[in-house]
Amino acid sequence: MIERGKFRSLTLINWNGFFARTFDLDELVTTLSGGNGAGKSTTMAAFVTALIPDLTLLHFRNTTEAGATSGSRDKGLHGKLKAGVCYSMLDTINSRHQRVVVGVRLQQVAGRDRKVDIKPFAIQGLPMSVQPTQLVTETLNERQARVLSLAELKDKLDEMEGVQFKQFNSITDYHSLMFDLGIIARRLRSASDRSKFYRLIEASLYGGISSAITRSLRDYLLPENSGVRKAFQDMEAALRENRLTLEAIRVTQSDRDLFKHLISEATDYVAADYMRHTNERRVHLDQALAFRRELYTSRKQLAAEQYKHVDMARELGEHNGAEGSLEADYQAASDHLNLVQTALRQQEKIERYEADLEELQIRLEEQNEVVAEAAEMQDENEARAEAAELEVDELKSQLADYQQALDVQQTRAIQYNQAISALARAKELCHLPDLTPESAAEWLDTFQAKEQEATEKLLSLEQKMSVAQTAHSQFEQAYQLVAAINGPLARSEAWDVARELLRDGVNQRHLAEQVQPLRMRLSELEQRLREQQEAERLLAEFCKRQGKNFDIDELEALHQELEARIASLSESVSSASEQRMALRQEQEQLQSRIQHLMQRAPVWLAAQNSLNQLSEQCGEEFTSSQEVTEYLQQLLEREREAIVERDEVGARKNAVDEEIERLSQPGGAEDQRLNALAERFGGVLLSEIYDDVSLEDAPYFSALYGPSRHAIVVPDLSQIAEQLEGLTDCPEDLYLIEGDPQSFDDSVFSVDELEKAVVVKIADRQWRYSRFPSLPIFGRAARENRIESLHAEREVLSERFATLSFDVQKTQRLHQAFSRFIGSHLSVAFEDDPEAEIRRLNGRRVELERALATHESDNQQQRLQFEQAKEGVSALNRLLPRLNLLADETLADRVDEIQERLDEAQEAARFVQQYGNQLAKLEPVVSVLQSDPEQFEQLKEDYAWSQQMQRDARQQAFALAEVVERRAHFSYSDSAEMLSGNSDLNEKLRQRLEQAEAERTRAREALRSHAAQLSQYSQVLASLKSSYDTKKELLNDLQRELQDIGVRADSGAEERARQRRDELHAQLSNNRSRRNQLEKALTFCEAEMENLTRKLRKLERDYHEMREQVVTAKAGWCAVMRMVKDNGVERRLHRRELAYLSADELRSMSDKALGALRLAVADNEHLRDVLRLSEDPKRPERKIQFFVAVYQHLRERIRQDIIRTDDPVEAIEQMEIELSRLTEELTSREQKLAISSRSVANIIRKTIQREQNRIRMLNQGLQSVSFGQVNSVRLNVNVRETHATLLDVLSEQQEQHQDLFNSNRLTFSEALAKLYQRLNPQIDMGQRTPQTIGEELLDYRNYLEMEVEVNRGSDGWLRAESGALSTGEAIGTGMSILVMVVQSWEDEARRLRGKDISPCRLLFLDEAARLDARSIATLFELCERLQMQLIIAAPENISPEKGTTYKLVRKVFQNTEHVHVVGLRGFAPQLPGTQTEDTPSEAS
């Protein structure tokens, strides 16, 4: 028999009035007696505080501050403590004889709220000899001791071997230890459980019928059917979870589309941008490299252009200089040609003028002769006319004078004066100052003789003049010719000069005859000289172009070498063309192949992605299509095997589910029909009677009853005999046992127990041997154990089934994936890697481009060499025929020599041309020059002088004649003499005047006619002279101009000058064309250089910008790559097939995905913000952050109970696999989990019946309890009418309400609540939810109404109420109920802890004086029968004959208050180990 645990003692340390007091507790009743304020309530408060250290519950109302409502106010504990560390400890010993000390350390907290700090602790393994006060106090001297702190207590206990000290931070842990060690009767899991326990202690402490306990008797007495309730809750939770999971599946199915859409669009959005940046980075790198290559190429090209520019500029300078000289030469040649042409024209004019002059000269000579003759005749006529005129004038004068003298006397003076004038004139003319009128006559004769002599001399001279004039004209003509040829010279030198001129003329004519041959020779030599100069120029240019000076002898060898080089270069160029064509053809083929591979690469990459996914899914590596098809066959075989194994596991799981369902039947009935038969027969299933059998006893009772363990126990078999007739709806074997279901035992069989077996003697001649089953299922504990093992097996099977189903689904998905792969990608998946081929071909293309560039460079050099060789050969072809010219070093000297000879010949020709006619004229008359006819001039002078002398003589004679004639006038003596003497003279004068006038008229006519003729002759002569002089002057001018021109105007000069001009013009044109070409080339070169310079600057800028962009992008890209790798999304984003799309296509793809994403994340603020931030094109890492955020968001939305991965992409794949399987499995589970309303009603009814039976058994123990007029106490349990109606409807009319129970939107609890509301519309449910109401309706305790009844006096059974009972009756009744509650708790907790522990039972009763002696005795009897300890507080001693009584007296000693305690043990026999402490404790 298991001994019940007991409280041994209560120790108070440093409490008010108790410094170190230990109260030994009696095994039954401990009485605390004393007056008011003695410390009874303090002692009980210390006990309750150690038992329930919860300040939220502790409330000692007899000392609590009146009217206080604040939770922070003192609840009566603060005033019971003294300052410092306080302890309250309970010393217990449990059923296992283990000493356990539990207690609390209390300490007042400073402040006006009067709070108390409580620390619970426990001590195990303490020796029995150690008293609790020794643990927590330290003796200082005989009268002083010190209280240890909790830390000191722990250190002290740590030093004691085998002693364990535990300090608790949680009251739940403290109570859990006390429950496990059997100190308290119930496991206090929560504050609600602690509150119930405290209310029970409080009710027992203050006595009476507690309204709180009465109202909640169901919670105290009716055990919570945790198994059934947990089963309902688990079922509902499973159903709820199942439905939530199904809903989650449906959500997940929608999420799958969302996942697909979001992942697809996010992947397109980010991967397109990622690959675009990757492509752009590669493009930028390629562009940077291309820029750098182009930069270097441009620099080289610019340097080449600069060198070329320098060469062309130098050549252009040379051509400009040459052009200046050529222009000067050409202009000189043109001018020379013009001069030659002018000279020729001048020469023609000169010749023409010379011919004209010769003709004019002849005419002039003839006209001179005519004019001279006419002049002579004119002179004669003038003289004759003058003489006649003079004579007429004289005669008229004389006649006038005479007439005047005759007419007027005064004329005499006039005549005298005239005579004087005539004398004076005669003196003057005759140079005779002494002339007198008288000598005038003499002198007249003299002078007339002189006149006659002069006339004769003049006539002789005229004759001489006519003779000498011919010789003189020839000499003058010859002299003029010599003078014209030689220039002015002395007349005496004319002969010698003329002879020299004639000899020189012969030489000059000989030289002049050589002009044309010399000119032709000179022209030929000049042509050769020009060709030599041209050859030298060509040689210089050739050497300059060849960059080397060559000798003339080397040119032929060089020509042959160049010819050979041209042949080899021509072959090289032709072969290079073929090679270039072959390279370009290969390059085009490579480009075409690369294009084809680039088109095939995305398809191949898609196939590789699919193949890699297949390889990852199946863990195999495939190298050929045959392996894929073989693995597909293996996959089909594996799928068949997995399906077979899954079906087997499913069948076993269904069997386990059926067994679990069978074992889960209420009452242990494996057949539902047994419950119906038991209810029909009014019996109870045997399994239900033995439902509480322990797990250890289950094999025994299972073997004991054998097949009849499913029997129905009925009160009377005879009453059901009639009901057995016609019974068909029952098991094949139905066992019926007669007996009282309330007090049934196993005495119906005679049993012999063997080792692990029993022998049941059914009759004298029938025994049954039954071994203990290895897996008993008799009794709830055995069934629960079996169900637990079955659940474990079911979990394993479910997991295995889920795994197999997953594998089957996965295999099927894999099979479908393989089928799709075979249909779509098998033809290309195992082809060679196009990207590797592209890389190889790109390498080859780069080699070809490099080879082409090298070939082009070589070919260009060869072409340049070929062109140079051709130019060299062309130049040599022009040079080689002129080698003899180049070798002729005397050509220039010969040209100079011929030029000099030609100059001499031309000079001679000009001399002959100029003076040839004069020499021809001179040659026949040159002999006249031998003698100079100098007398001709003298004759002319003599003739003129004689003519003048004749004229003078004639004038003198006339003057003298006039004087002589006027001699009379000198002596007028009288006028008569003068008149008479002059009348004859007058007549003579008149006659003479007439003759003279006639002579004068004749002379005038002759003079006039000769004058007109002479004038005509003179005019002709003048015109001839003028024409001659003009032409002579023009000829002289032309000759001077011709001399000024300084050119030789021969017949070939113009042709040579024109040819020279044309040659120079051709050279100038060639030079200009070359210069223009060079200028254009130079301009083009400068433009090219400028373009190259601009291009170079742009390239440098672009290169630096691109390089900076590449470097900047590299840093950003490194961050992007780091973020990609850190988050493991590189495989998702680096989609190689996108590398073959253009930037516009990728940007379009990203923009489309962005538009879709904006709609997809419109309801998600976080993703929307991240997406908005990711739209910044300058921050590509934000797109990665968005992608990671999407993945994180999707990871958070992955149902881990459905999908076992964190990768949303894999989650989609698993969704596809899991969803259909989970949907099917969960649907079937829901069908299996779904319980019928009839089953629920039966379970609740059976539970109610069982608890009613248990309450009846508890009532049997209360039947003998009596207090005062109360003869008996009982509990009455009834089913509420509303709930009974609910059970009836659930059992019999559930079909009418299937709309509630078949709804997938309602749980069973909610459907039950809806049904309850439907059945009881008058009841107000308040704010409670249907789920809460349904859970309450699933608790059978809510179906019961429980009340306490007492049998009091003559009133019979009455409801126990405080107003109907006396105080003592109420206290006794309440104590009885509390004892029943404690017993009920123990029965309920027996299954929760070891069977070898019987917990302590202890109750309190304060103010027990209100009970009479009979009631006290009843309490003592109740405590003894129930092995319960009781602590009573009363002012007086109560039953000192039993139990232990402590007398408490509060005293003041030396201003120190303490409680004096005296213990008295009762008269009853003492239990061993009980001691009474008589020495009071004093507070130090």
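Cβ coordinates come from backbone N, Cα and C, glycine included.
Feature list (source: Swiss-Prot):
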- G34, G35, N36, G37, A38, G39, K40, S41: ATP binding site (BINDING)
- 326-418: coiled coil (COILED)
- 444-472: coiled coil (COILED)
- 509-602: coiled coil (COILED)
- 835-923: coiled coil (COILED)
- 977-1116: coiled coil (COILED)
- 1209-1265: coiled coil (COILED)
- 1051-1065: compositional bias 'Basic and acidic residues' (COMPBIAS)
- 666-783: region 'Flexible hinge' (REGION)
- 1049-1074: region 'Disordered' (REGION)
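Excluding G34, G35, N36, G37, A38, G39, K40, S41, which define the ATP site, the same chain contributes T42, P1435, L1448, R1450 within 8 Å (Cβ to the Cβ centroid), listed in sequence order.
The list of residues near the compositional bias 'Basic and acidic residues' (1051-1065) in space but at least 6 beyond its ends in sequence, with Cβ under 8 angstroms from a Cβ of it, reads 326, 329-330, 333-334, 336-337, 339-341, 343-344, 516, 519-520, 523, 526-527, 530. Set side by side, the binding-site residues N36, S41 differ in how many other CB atoms lie within 10 angstroms of their CB, and the most is found at S41. In this view, the densest Cβ surroundings among the binding-site residues G34, G35, G37, G39 belong to G39, judged by other Cβ atoms lying within 10 Å. According to DSSP, the region 'Disordered' (1049-1074) comprises 22 helix, 0 strand, 4 coil. Mean pLDDT for the coiled coil (444-472) in the predicted structure: 75. Counting every protein chain shown, the number of other Cβ atoms lying within 10 Å of the Cβ of K40 (ATP binding site) is 24. With helix defined as DSSP H, G or I and strand as E or B, the region 'Flexible hinge' (666-783) counts 45 helix, 26 strand, 47 coil.
Packing around A38 (ATP binding site) is summarised by its Cβ count: 23 other Cβ atoms lie within 10 angstroms of its Cβ, all protein chains included.
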